[in-house]
């Protein structure tokens, strides 16, 4: 039985980079990992495979949407450290529903029996959209992980995601493993002061603190995980540490997790406004 993670967060927050590095850390610790990109721009697995791979929707179009004609090799690419990558893809811009494609991808994975092949399946899910198909990974996830930065918009999105996780937990097993503080900079922006208070307020914790560092950005543009970068890069160890920390907690199979207690949409403006 695979351990299933669903990674969410505000658009542009660094989910795909974070997801790829978590997958790499897990794989290098011996886990067989499948990362599933759930975004129409289909670049989640780029740091793992080094290319924009064929999407599930493209593969389905080639067989006129006959699921039974596809095999895992048609939709799965193997990349860094033996990690398998899959991209759900999406309809053309301005038409169709991207969430539907995510739901179709989940169905296809179940039909192919891929859940039994992996130690960890990681869903990297589009932004803070938690309606319809984009919330589907929460139906299958053991744990949700929220990526956030130390600002109001990110915290507001994280709170909305907590609402979705709380709602899904009524019918499904999903719990919130915690929040990954991304692009942490103690020289400006308060470090993690706002995120620390938010995590306490909703009953969760910070899983790790990823520093704001040019090397992380550099690795993304190079189409690599941090773990594939030159080991002589300055401060590489500091950048790798939080991802290894997350992987160790996940592989312990008993990460501290809970059902979050989100703040009301209107209430959060008053509460966050009073934080220092």
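Please read every residue number as a count from 1 along the shown chain.
Cβ atoms are placed via backbone N, Cα and C, with glycine included.
Marked as ATP binding site by Swiss-Prot: 12, 13, 14, 15, 16, 17, 41, 182, 183. When secondary structure is read from DSSP and collapsed to three states, residue 12 (ATP binding site) falls in the coil class.
Here Swiss-Prot flags 16 as Mg(2+) binding site, drawing on sequence analysis. In sequence order, 37, 39, 43, 44, 46, 47, 124 are the residues of the chain that are 6 or more apart from residue 16 (ATP binding site) and have a CB within less than 8 Å of its CB.
Marked as [4Fe-4S] cluster binding site by Swiss-Prot on the basis of sequence analysis: 97, 131.
Within the set of binding-site residues (41, 183), the lowest number of other Cβ atoms found within 10 Å of a Cβ is recorded at 41. You'll find the Cα of residue 97 ([4Fe-4S] cluster binding site) roughly 31 Å from the Cα of residue 183 (ATP binding site). When secondary structure is read from DSSP and collapsed to three states, residue 97 ([4Fe-4S] cluster binding site) falls in the coil class.
Within the set 12, 13, 14, 15, 16, 17, 41, 182, 183 that the record links to ATP, no two Cα atoms are more than 22 Å apart, and one pair reaches that distance.
The Cβ neighbour count for residue 14 (ATP binding site), using a 10 Å radius and every protein chain shown, is 21.
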